[in-house]
Amino acid sequence: MMHLYWVALKSIWAKEIHRFMRIWVQTLVPPVITMTLYFIIFGNLIGSRIGDMHGFSYMQFIVPGLIMMSVITNAYANVASSFFGAKFQRNIEELLVAPVPTHVIIAGYVGGGVARGLFVGILVTAISLFFVPFQVHSWVFVALTLVLTAVLFSLAGLLNGVFAKTFDDISLVPTFVLTPLTYLGGVFYSLTLLPPFWQGLSHLNPIVYMISGFRYGFLGINDVPLVTTFGVLVVFIVAFYLICWSLIQRGRGLRS
């Protein structure tokens, strides 16, 4: 039985990876171009007029945040659009009636989102080498933060895909929730620059912890304790996973 589950999992993974690789011009190139513009405008043009941040140039400071931003948006978008597309075309019904556990379905879609997020993250990292020298303080924290964040936002994208009723619903969360939280998550600034009230308010933003942990992996500096960073990641991953599992298990909005 486990062999059959493994075959099902690999099949979903293969389908999801083939899906975004087949249209790589739409899925991989745009985020690379967008991040390149960020590097040029904020890093070179504006960054040259801004002083050092915690002993690093402004460009070095924002690179980890921009990489994380690309991972978050692409992991989320991949699963949200793919799962809703399967639901819209009623392909998901075939998967639900097949002898495939809900855990396998979730792992398959999340695996595809993680793959796209990491792939884009690697491409953006490669582009950043044209602007700043490569520096890693801890590979363990870089890899751990990157993978956990990609898993979390893949689950969030799956949740969006379950609730979405139209294709417009797929863009609502990224536009009104994800983008503001990312920009206010410390990508372009350190929390220490904010007044105490806004520092405290920023700690309610979960993306702050992810960017802080990822920046520590590269530069060895962080705005929040690492234990808190990984605690927040694990709690959100478990919560989102259980919600997704419950909704798919009950077929909420999936069965006609």
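The backbone N, Cα and C atoms fix where each Cβ goes, glycine too.
Because the structure is a prediction, the values reported are computed rather than measured.
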Exercise. Same side of the membrane for H18 and R49, as recorded in Swiss-Prot?
Worked result: no
Exercise. Looking at the transmembrane segment (53-73) and the transmembrane segment (139-159), are there 3+ C-beta pairs under 8 A, with each pair at least 6 apart in sequence?
Worked result: yes
Problem set entry | Contact yes or no, the transmembrane segment (139-159) and the transmembrane segment (224-244), 3+ Cβ pairs under 8 Å, gap 6+ | yes
Exercise. How about the transmembrane segment (23-43) and the transmembrane segment (224-244): do they have 3 or more C-beta pairs under 8 A, pairs 6 or more apart in sequence?
Worked result: no
